[in-house]
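To start, the structure under review is shown below, and the notes come after it.
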Amino acid sequence: MYLKTLHLRHFRNYYDQKVEFTAAKTILVGNNAQGKSNLLEAVELLATLRSHRMARDRDLVQEEEPLAQINATLERDTGVSDLSLILRRNGRRTVALNGESLRRQMDFLGVLNAVQFSSLDLELVRGSPEVRRNWLDTLLIQLEPVYAHILQQYNQVLRQRNAYLKKLQDSALTTQDSALAIWDAQLVTTGTKVIRRRDRALARLAPLATAWHTSISGSTEVLQISYTPNVQLMQNQPEQVQQAFLSQLQQRAVPEMYRGTTLVGPHRDEVELTINQTPARQYGSQGQQRTLVLALKLAELQLIEEVVKEPPLLLLDDVLAELDPSRQNQLLDTIQDRFQTLITTTHLSSFDAQWLNSSQILFVEQGKISTSNSIR
């Protein structure tokens, strides 16, 4: 797939900027806080309808403006698609494909696929379980767009069940309350779908990431990735998962009443990353942790390509400076011209002459993009 054009209006610090991509590799050069990352964020939003910066829509809309618009033209093996995403300071998003508004956002997902790799991704190793869940969910949305709807359903039931538990906590009702049993059943049904899909996705991703990690580390380290669902998963069969889920809910009924919140379910899952059987967050240097994240990202690229049958876009946000020369070379050698790649950097010294000669170089300054570094 190839992103031909991108048009940003009132998005972040872009007033009205159109970009035409003329090479498989585009290097965006500029000082910090000029808008390089914002452009990559716009592409990420078109791919996943999510921002890895966890920004709210109103934060994405330029000050004094009611809405922001991201338009793109994408070329795939199946033909050319025009994508449009409107973000409102107050109100719902609107998505359109080839000029036609879509009622369901999940029908927009899967048209553009992209893997984002930024310096923030070290949090995959060092951060909380929520960071790893969000990463896995974002990947799943691209592998199986209906997952966005499944996850939304689960989160909605979870919020409503939590509100009901809070209500029980403040009243004389007991955990035997019949309305709670209804929420339990809905939580189990929707949560089981989340658990099974997360389990399947990691089962496919883990061996790819392990192989990349072995290659990058020179076979000196062994990476293991395991899904540790909050609900005990003996078999990935709907009936068994639902039974285990319901059983654990019943076991935790009293603590849930006491705390007024749901203590069982995929919102408490963990993805465990270990290197040489030691938890990765406790293991070694930042360089080794970067190797792990690089392996995960290369595995994401590979898995998405296997599933959608086309190479996804790769968005590299200021990561080359974070990698040592050998890891830089591993990444750049893997990319070549196979993946359309957008790279942000503050200087061009990280790239050799061959890369520079085969890349489109754009200069970014205060939300304006030019082919020369003297924007007026």
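From the backbone N, Cα and C atoms, a Cβ is placed for every residue, glycine too.
If you check Swiss-Prot, you get these features:
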type	residues	note
BINDING	Gly30, Asn31, Asn32, Ala33, Gln34, Gly35, Lys36, Ser37	ATP binding site
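In this structure, Lys36 (ATP binding site) is part of a helix by DSSP. The number of other Cβ atoms within 10 Å of the Cβ belonging to Gly30 (ATP binding site), over all protein chains shown, comes to 22. Long-range C-beta contacts of Gly35 (ATP binding site), restricted to its own chain and to partners at least six residues apart, with a cutoff below 8 Å, comprise Arg12, Asn13, Tyr14, Val364, Gln366, Gly367, Lys368, Ile369.
Packing around Asn31 (ATP binding site) is summarised by its Cβ count: 11 other Cβ atoms lie within 10 angstroms of its Cβ, all protein chains included. Taking the Cβ of Ser37 (ATP binding site) as centre and 10 Å as the limit, one finds 24 other Cβ atoms among all the protein chains shown. Taking the centre of the Cβ atoms of Gly30, Asn31, Asn32, Ala33, Gln34, Gly35, Lys36, Ser37 as the ATP site, the nearby residues of that chain (Cβ within 8 Å, site residues left out) are Asn38, Thr344, Thr346, Val364, Glu365. A 10 Å cutoff on Cβ-Cβ distances gives Lys36 (ATP binding site) a total of 26 other Cβ atoms nearby, all chains included. Fewest other C-beta atoms within 10 angstroms, among the binding-site residues Asn32, Gln34, are seen around Asn32.
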